[in-house]
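> Pulled these features from Swiss-Prot for this protein:
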SIGNAL    1-50  signal peptide
CARBOHYD  Asn69  N-linked glycosylation site
DISULFID  Cys82-Cys135  disulfide bond
BINDING   Asp95, Gly206, Thr214, Glu216  Ca(2+) 1 binding site
DISULFID  Cys165-Cys249  disulfide bond
BINDING   Gln177, Asp228, Val229, Asp231, Asp301  Ca(2+) 2 binding site
DISULFID  Cys191-Cys244  disulfide bond
DISULFID  Cys196-Cys207  disulfide bond
CARBOHYD  Asn211  N-linked glycosylation site
Amino acid sequence: MYGIEYTTVLFYLISFILVSYILKTITKIMDYLIYRITFIIVVLSMLSNAQNYGINLPITGSMDIAYANSTQNDNFLSSTLCLYYPTEASTQISDNEWKDTLSQLFLTKGWPTGSVYFNEYSNVLEFSIDPKLYCDYNIVLIRFTSGEELDISELADLILNEWLCNPMDITLYYYQQTGEANKWISMGSSCTVKVCPLNTQTLGIGCQTTNATTFETVADREKLAIVDVVDGVNHKLDVTSTTCTIRNCNKLGPRENVAIIQVGGSNILDITADPTTSPQTERMMRVNWKKWWQVFYTVVDYINQIVQVMSKRSRSLDSSSFYYRV
């Protein structure tokens, strides 16, 4: 009997020692894996470019203000700059090597060759649909054209902010806007948007839901329209669907690595009156219109002052990421 008890005690003792050894071994293996993974993550994070949201210091005022024209001591070896310009600029300059010339001039301001990218667009519509804001800093040159002030101001509102959008099926559903940040954005070669506000019985308020000619017109033959209606009220919409698309969008906040330079025009377009623009400052400026060479020379001269008051953000997105995101 005593032999059986000793055997039982010995069995439990050996089992305890064996389990303890297994647990210690597992603990050592886990510690090794955790330290190894942590070490790899630290090394990779040091080698990669981390996001830098920066401080919100948007560009204010216009280029008519006397800025200091100086060359920075610090160059931008790790930054990229995208300069967007209309087709008419390259057409007027008519020089196959003009981009190389500008690259050499940017080099005198501390921007290495290969860090500045020149991107051409044909019109406001094309650029608003597919801006490709890929660089650390993105500067858009927009020629002021009489009669297109509304398209330009709405393009500014679109690309200076980030939007989260969903498609709208206006043939099946009524839609309402839930707050000041909620807008309907339509794009196309010719966008006419009409709305009919509805009461709680889904009857038209001042309009007939079955007759689009009685709807209120909120956008008429525009390339880009950001539509704002009364919040909390259902609306039936009528849109020229053959030449236009419309989406339900929410403004998420400022896109701080984008600035707009308005070329020409008596006054700078102001988008700060929109209560959804927060903070109430703007990243738009104006340069006097002369010739496109003169415009580019001015941009080169003041590029470092412009960039210093922008925020470099490595998550620059194109339209598929910020406009058509669902």
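Even glycines carry a Cβ here, placed using N, Cα and C.
What you see is a predicted model, and the numbers here were worked out from it, not measured in a lab.
Structural setting of the listed features?
Under the DSSP three-state reduction, Cys82 (disulfide bond) is assigned to strand. Using a 10 Å radius centred on the Cβ of Cys82 (disulfide bond) and all shown protein chains, the other Cβ atoms total 21.
Of all the Cβ atoms in the protein chains shown, 13 others lie within 10 Å of the Cβ of Thr214 (Ca(2+) 1 binding site).
Cys165 (disulfide bond) falls within a strand segment according to DSSP.
The Cβ neighbour count for Gln177 (Ca(2+) 2 binding site), using a 10 Å radius and every protein chain shown, is 21.
Neighbour list (Cys191 (disulfide bond), Cβ cut-off 8 Å, at least 6 residues apart, same chain): Ala219, Arg221, Glu222, Lys223, Leu224, Ala225, Val239, Thr240, Thr243, Cys244, Ile246. Annotation note: Cys191 (disulfide bond) sits in a strand segment as assigned by DSSP.
Taking a C-beta cut-off of under 8 angstroms and a sequence separation of 6 or more, Cys207 (disulfide bond) has the following same-chain neighbours: Cys196, Pro197, Thr214, Phe215, Glu216.
Secondary structure at Asn211 (N-linked glycosylation site), taken from DSSP and collapsed to helix, strand or coil, is coil. For Asn211 (N-linked glycosylation site), applying a Cβ distance below 8 Å and a minimum sequence separation of six or more within one chain yields no residues.
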> Round to the nearest Å and give the CA-to-CA distance linking Asp228 (Ca(2+) 2 binding site) with Asp95 (Ca(2+) 1 binding site).
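For Asp228 (Ca(2+) 2 binding site) versus Asp95 (Ca(2+) 1 binding site), the Cα atoms are 44 Å apart.
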> By CA-CA distance, flag whichever of Gln177, Asp231, Asp301 among the binding-site residues is nearest to Cys165 (disulfide bond).
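Considering only the listed binding-site residues, the nearest one is Gln177.
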> Looking at the recorded positions listed here (Cys135, Gly206, Cys249), whose Cα lies nearest to that of Asp301 (Ca(2+) 2 binding site)?
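The smallest Cα gap between Asp301 (Ca(2+) 2 binding site) and any of the recorded positions is with Cys135.
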> Express the distance between the Cα positions of Gln177 (Ca(2+) 2 binding site) and Gly206 (Ca(2+) 1 binding site) as a whole number of Å.
19
> Just to confirm: which same-chain residues, 6+ apart in sequence, have a Cβ under 8 Å from the Cβ of Gly206 (Ca(2+) 1 binding site)?
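The answer is Pro197, Thr214, Glu216.
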> Mind telling me which of the binding-site residues Asp231, Asp301 has the densest Cβ neighbourhood, counting other Cβ atoms within 10 Å?
Asp301
